[in-house]
Amino acid sequence: MTTKDIIILCGPTASGKSYLGHELAKAYNGEIINIDSMQVYKKIPIITASPPQSYTAEVTYHLYNFLSITEDFSVVKYLKLAAEKIKEVTARVKLPILIGGTGLYINSLVFGYNNIPDISEDLREQVRNLHTEIGNIELWNKLEELDTLAASKINKNDTQRLIRAYEVFLETGKSICSFQTLPKEQILSDFNFKIIFLNPERKFLYKTCDERLDKIFKEGAIDEIALIKKQFAPKDYVDLKAVGIKEILAYLDGDMTLDRALNAAQIRTRQYAKRQVTWFKNQIQDKTTLEYSNQEEFAQILNVIPAEAGIH
C-alpha cells in the first residue's frame, strides 16, 4: 500500500461490511470513512445501522451521523467532504477505508461525477412544500410539462429523483439530463482505488437481512423514528430512504401491527439488497468480488482481503 491507495469495501446491506472494515482498520492502521447516503444523518443511527460506540472508541470514523435531517445533501457535497477526509487520513500516513453501499457515491468518487449547480434554499423549500401539497403524480405531471425528457426517465414513485429534476429545471432553466451528458469531473484522480465487493450467497444474505431488521426493531429504532415524527414535519424527512422508516411510521400511525411492519421492512430490505448486488455486478467493473455462503466462510474473508487489496 502507498499513501495514494484507498480501499472501498462495498456490497449489499447486511453483508458484513462494517465488521470487516473495522477489523481491517484496527489491524492495518486505518480510519473509516462513510460512503452510505443514509448514515450521514443525525438522530437515526439505529435504523441506519451506524457504527456503535464500541467501534468508534477503537477506530476513527468520519462522515457518520453529522448532518441534520432537514439539510439537503447531494453527491457533490458528499464527494467534497469525502475528498477532504481522504486527504487528511493519508496525510497522517494512515489507510483510508471507505465502507458503504450507496452505488452513486462510489461510482462518482471512482469514475467521476456530473457537476449539477446547487439549488437555492428558498427554491428547495418551495419545491418541498409543493410536493407535500400535491404529491408525486401531480409533481411528475408538472415536470413533464417543463422537462419531458427528464420525466420520461423518472418513475413517478421515485420521490427523490422527481424533486431533484424539478428543482434543477426551475433553478437553471435546463433539463437535468443536459448536465448528465457533460464530461464527468474527477475529484481524486491521483489516488488508486481498490474496490472489494462483498457478494454473499442470496439465501445467506436474506437471512442476515432478516436478522438485521429484527435486531434494529428490538434495539430502539421505533423510539428513534417516533422522536423524528414528533420533532419534524414530514416534508423535513422526505429524503430519508433508510429501509424500515416507512414501515415504522405506518406502525406509529396505526396502519400496521408491529409484526406486519417488521415483516414488510424485512421484505423491502431483501429486495433492496438484491438490487444492490445487481448494481454492483453491472456498474463497477474494476473490483475484487468475494463470495461466501455461511458464517464460517464469512469469517475467512478477513484473511483474504489484505492480499486482494495489497495491504501489508
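Numbering starts at 1 and runs along the chain as displayed.
Heads up, the Cβ atoms here are built off N, Cα and C, so glycines get one too.
Taken from Swiss-Prot, the feature ATP binding site covers Gly11, Pro12, Thr13, Ala14, Ser15, Gly16, Lys17, Ser18, and the record attributes it to sequence analysis. Neighbour density for Ser18 (ATP binding site): within 10 A of its CB lie 20 other CB atoms from the protein chains shown.
Under the heading substrate binding site, Swiss-Prot lists Thr13, Ala14, Ser15, Gly16, Lys17, Ser18, citing sequence analysis as support. Non-local contacts of Ser15 (ATP binding site) by the CB criterion (under 8 A, 6+ apart in sequence, same chain) comprise Gly101, Leu198, Asn199, Pro200, Leu205, Thr208, Ala273.
Among the features that Swiss-Prot reports, region 'Interaction with substrate tRNA' is placed at 36-39 (among others). Per DSSP, the secondary structure of the region 'Interaction with substrate tRNA' (36-39) breaks down as 0 helix, 0 strand, 4 coil.
Marked as region 'Interaction with substrate tRNA' by Swiss-Prot on the basis of sequence analysis: 160-164 (among others). Break the region 'Interaction with substrate tRNA' (160-164) down by DSSP state and the numbers are 5 helix, 0 strand, 0 coil.
In three-state terms derived from DSSP, Thr102 (site 'Interaction with substrate tRNA') belongs to neither a helical nor a strand segment and is classed as coil. Spatially close to Thr102 (site 'Interaction with substrate tRNA') yet at least six residues away along the chain are Ile35, Asp36, Ser37, Met38, judged by Cβ distances under 8 angstroms. Marked as site 'Interaction with substrate tRNA' by Swiss-Prot on the basis of sequence analysis: Thr102 (among others).
According to DSSP, Arg124 (site 'Interaction with substrate tRNA') is assigned to a helical segment. Of all the Cβ atoms in the protein chains shown, 16 others lie within 10 Å of the Cβ of Arg124 (site 'Interaction with substrate tRNA'). Summarising the annotation, Swiss-Prot assigns site 'Interaction with substrate tRNA' to Arg124 (among others) and lists sequence analysis as the type of evidence.
According to DSSP, Lys17 (ATP binding site) sits within a helical segment.
Taking the binding-site residues Gly11, Gly16 in turn and counting surrounding C-beta atoms within 10 angstroms, the largest count is reached at Gly11. Here the Cα atom of Gly11 (ATP binding site) is found 32 Å from that of Arg124 (site 'Interaction with substrate tRNA').
The two recorded residues Lys17 (ATP binding site) and Arg124 (site 'Interaction with substrate tRNA') have their Cα atoms spaced 34 Å from each other.
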